[in-house]
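The block underneath contains the structure these notes are about, expressed in structure tokens.
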């Protein structure tokens, strides 16, 4: 991040830690309360995004949700998914890559639904912005997407 920290999502330990260069021990910043679906727990955290306020956005493979953990928080809030696995607009099925734009819109790769979704914090459902037309290799389809990024112009 902008302060020189490296953040690591530990899938099997169900937590996110950060290290400053030279640190031997990482500081727990999310999860760390065992595997679970409570707001102070994670289940298979995979991708992380850190915004300008040092809030963490964490995609959880096992809970089919994206959590936002504000700096120094003891628990997160669900900002996408969290309604079991499925393909409705209020569900995710093994989310992976996550990024947040300057407007605070959250973009999530929905791996098993072969789509990218956009959520606004507080919304109960997202919208499909890429894919969502089944698994495949056509120009309007994805096949197990994992990551995503913005270019220098935030596109």
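Backbone N, Cα and C atoms are what each Cβ position is placed from, and that goes for glycine too.
Bear in mind that TrEMBL entries carry predicted annotations, made automatically and left uncurated.
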**Fill in**
Students should find that the region 'Disordered' stretch in TrEMBL, chosen from 110-132, 133-155, is 133-155
**Request:** Over the repeat 'NHL' (86-116), work out the mean pLDDT and round it to an integer.
**Result:** 97
